Amino acid sequence: MKTSVVFVIAGLALLSVACYASELKEQSSINEVLSTIFHFEQPEERDCLGFMRKCIPDNDKCCRPNLVCSRTHKWCKYVFGK
């Protein structure tokens, strides 16, 4: 009787370990799928400047639409009709 109880407890422990390992594997695959779905591309290393930000005219980094680096004021300004 004692040995059968020990075998039942050992079997339950083994089943618990197997289920836990299976769940960990499933969780890692779910995390992998989610990270693939929600993977965002890294922004370019361009350092885009916004409106009225200090800039260098020879190295125009005012990259939003209709923004250019002003040669006189040396900041990004809007140019209409560009």
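Just so it is clear, glycine is given a Cβ too, placed from its N, Cα and C backbone atoms.
As recorded in Swiss-Prot:
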- Cys48-Cys63: disulfide bond (DISULFID)
- Cys55-Cys69: disulfide bond (DISULFID)
- Cys62-Cys76: disulfide bond (DISULFID)
- Phe80: phenylalanine amide (MOD_RES)
- 1-21: signal peptide (SIGNAL)
Around Cys48 (disulfide bond), how many other C-beta atoms are within 10 angstroms of its C-beta? 13
Cα-Cα distance linking Cys76 (disulfide bond) and Cys55 (disulfide bond), given in Å to the nearest integer: 6
Do you know offhand how many angstrom separate Cys62 (disulfide bond) and Phe80 (phenylalanine amide) by C-alpha? 14
Where among the disulfide-bonded residues Cys55, Cys63, Cys69, Cys76 do you find the Cβ with the fewest other Cβ atoms within 10 Å? Cys63
Among Cys62, Phe80, the one of these recorded positions whose Cβ has the fewest neighbouring Cβ atoms within 10 Å: Phe80
Which whole-number value in Å describes the distance between the Cα atoms of Cys69 (disulfide bond) and Cys76 (disulfide bond)? 4
Whole-number Å distance between the CA of Cys48 (disulfide bond) and the CA of Phe80 (phenylalanine amide)? 19
So, three-state DSSP: helix, strand or coil for Cys63 (disulfide bond)? coil
Give me the CA-CA distance between Cys76 (disulfide bond) and Cys63 (disulfide bond), in Å, as a whole number. 9
